[in-house]
Amino acid sequence: MDNEGNNPTLSFVNGNSMIEHQTLVHGIFELCARIRDQKPLVHVVTNFVVMNQTANALLALGASPTMSWAQEDAAYMSKISDALCINMGTPVKGRIEVMKTLMTLAARMDKPVVLDPVGSGAGAYRTGIAKALFALAPRKIIRGNASEVCSLTGTNYTTRGIDNTLDLEHARQILAGHGRTHGDGEETGTDEPGWPSILVSASSLIVSGQKDMILAPGRRMILDNGTPLMNSVTGTGCILSALTAAFYAVTDNGFDAAVAASAVAAIAGELAAEKASGPGTFMPHFMDALYNMNEKNLAARLKVESTAS
């Protein structure tokens, strides 16, 4: 899908000033409308645990999912898809090889990629896979919890399974201390202007948690939305990664895609929590909230902290 010249310029951060709230909301909903209109085909290779709800969430948003992980499908699916989402949960050897093939093809075809490094930092095996995948595609968004994202910086940071063991501020400090670069990738040292050098190899980072932090070169936005119920069901983070790929399929701006997906998913969670009686009824209401997402709900609920990175 060619989006050149057809992208809203949301300009989430202008120097140190926040974008006007309604302009931000309108820009996010414009991307929602574009997904519903264009129905981008999102190729998702995800873990066995969340395949069904991930596909349903994409459909609810308005995108079209394909969930193939056959090596024989890789070339064709790469050609026809509009975005790729790689989730490295259940990292069986054959699946990892398919992921590498798909990311290589996406790079060759300049397709947008979202990488979810599930469990990175929890042992050498997963961390090694995550770093190998991270190196493959240049046009990508990384989406994970603070522990997973920080494990990609090369620091000796370990996690407990797939659980997050870092708070947002600690993660920000780790990322800020992971070298800082100018746009040419030249190291500046941590005391000079620049941004975390991990962003030289990724258009944006989504660090998910109680609050979501989105980073791009020169930009940082923190969203204070969501509900604790999202931690009581499996797959909400994996779903966010797939939704991010859908947004990235309809805009060339990775930061816009990351912010829009994070906002929509978190607000859908809030709406679902108000109707659900517990985890068992949360997910159906979450799907309904994605399907019925509108600009009014976004405007009423979006809570943003935004600063220059």
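Using N, Cα and C of the backbone, Cβ positions are placed for all residues, glycine too.
Feature annotations, reproduced from Swiss-Prot:
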type    : residues       : note
BINDING : Met67, Gly235  : substrate binding site
BINDING : Arg143, Ser208 : ATP binding site
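Overlay of Swiss-Prot feature records on the structure.
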{"residue": "Met67", "record": "substrate binding site", "DSSP class": "coil"}
{"residue": "Arg143", "record": "ATP binding site", "DSSP class": "strand"}
{"residue": "Ser208", "record": "ATP binding site", "DSSP class": "strand"}
{"residue": "Gly235", "record": "substrate binding site", "DSSP class": "coil"}
Pairwise CA distance, Ser208 (ATP binding site) versus Met67 (substrate binding site), rounded so that it is a whole Å: 23
Fewest-neighbour residue among binding-site residues, criterion Cβ within 10 Å, set Met67, Arg143, Ser208, Gly235: Met67
Cα separation, Arg143 (ATP binding site) to Met67 (substrate binding site) (Å, whole number): 19
